[in-house]
Amino acid sequence: MSWPAGNPLRPLLGFGYWVQGFQCFPWMGVSFFLKDSLNAAPSTLQLLQTLADIPKIIKWFHGIVSDAIYIRGQHRIPYIAIGDQDWKEDEQLLDLSMRNELEEEPVPSATSWLSIGYFPSSGISIFTITLLLCVSNLGASIVEVVHEALVTEVGRQMSQSSPSTGLKSFVMVASSVGGVFGNFLSIRGIKHYSPKRMFVAFGLLLSVQLLTTFTVHESSLDLPKSASDSGIQEKFFELSIALCEPKILYAIAWYATSYAIVPSFKGTMFFHQTQHLNLAPSVLVYSSLFGEAATLLWSITYSYNQRLQSVPPGELISIVQVIMALFKFSNVLFVNGFYKKIGIEDSLYVVIFLGLSDVLSGFRWLPFSVILAKLCPQGCEGSLMAFVMSSIELAYFICRTLGIALMILLGISENDFSKLPEAILIQVIFTLLPLCWSSCILIGVS
């Protein structure tokens, strides 16, 4: 994996994905801010996190726009700037003919975090913070779409035999390093500073990313030229044609379904660990740190282990799916107090096993992205990758909503976790369910 001298692709993608990984820093603060400052219940905490991610569901539209509409000869870099900062500050970048088509484009990501940080605690409500987080995620979703499109475009150009494998590993390592660093800093942030200071710090970091983006012109990246100047309607039609390809459609449907049908109890587990088990906040941060370190190790291993790369991506995804189910079943034993009875402390289990359990699903993305890069038609990279990311975000929304409904149905609350083992057992069953048809979908396109 190499870039020509002077090509800013490596620092652009490296820093961009590092910032994406670093998002765990403010979001850890959000959980504690809602619990301690706003006294949110477990279902409320999970509902807020679910609603805040709604803007990410329309990533497919951002992908089509970035594929179709060029801003002064560029169709990737300007959208990173738009996603990081306020639309009005970037308006001067647009030609008059483009402004009407983009008048609904997003508002700030950096400004939203700064607003949450400087907003008086006595005057901020759950509705206000949800709205600001929605705006932040709207900007973040555009940046993520453009990053994925760049990786797919350039990765395939660099290697025809194994599209984007090396580049995918590089950016995943960068994201993991950002996650490790973000979790490490959040330990100090939660102990010695208020969550609001963490929000301000992240908002300033996004402002730095915006400034560095302005120093890069897309022509220096040597991106492949589009065969024709297509509008939004034409790109939407091209995406529709790509999705009519059974291999592409079935692979995306399997991956999204594997998330959607598994109820999520992230908010409930947060309350179970902090209130029921009375674990220190630093234990949860170390758990996230351990998970990010494991993701980093996985990315490096996948990049340089030829034997691992020789395994068909579909088979590798299925193996990870089985391991996910085993870890979730282990969580049932943990909630029932089995491990504490045999001498394993709750804090140790949370750091190691729950830390791994939370990131295992992400281990599937690297081999799955290799499958997508092989199948993606040229010129449709941004649109297709954005559609995939939208599908995953919609699946997240569904699984979190199912989790909230199941918590209410079973009567799980901040004071009653007696039915939590049954809820996690349902997770185990639905984690294994997608394996029933994985062999005929994923392995067939590997």
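From the backbone N, Cα and C atoms, a Cβ is placed for every residue, glycine too.
In TrEMBL, annotation is done automatically, which means it is predicted and not curated.
According to TrEMBL:
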- 12-34: transmembrane segment (TRANSMEM)
- 124-146: transmembrane segment (TRANSMEM)
- 166-186: transmembrane segment (TRANSMEM)
- 198-216: transmembrane segment (TRANSMEM)
- 248-271: transmembrane segment (TRANSMEM)
- 283-304: transmembrane segment (TRANSMEM)
- 316-335: transmembrane segment (TRANSMEM)
- 386-412: transmembrane segment (TRANSMEM)
- 424-445: transmembrane segment (TRANSMEM)
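Contact count against the transmembrane segment (283-304) (Cβ pairs under 8 Å) is highest for 166-186, out of 12-34, 124-146, 166-186, 198-216, 248-271. The recorded stretches the transmembrane segment (166-186) and the transmembrane segment (12-34) share 3+ CB pairs below 8 A when only pairs 6 or more apart in sequence are counted, and are therefore in contact.
Long-range neighbours of the transmembrane segment (198-216) within the same chain, counting only residues 6 or more positions beyond its ends whose Cβ lies under 8 Å from a Cβ of the stretch, are 8, 12, 15-16, 19, 22-23, 25-26, 28-29, 77, 80-81, 84-85, 109-114, 116-118, 186, 189-190.
Contact between the transmembrane segment (386-412) and the transmembrane segment (124-146) is present: at least three CB pairs lie under 8 Å, with pairs separated by 6 or more positions in sequence.
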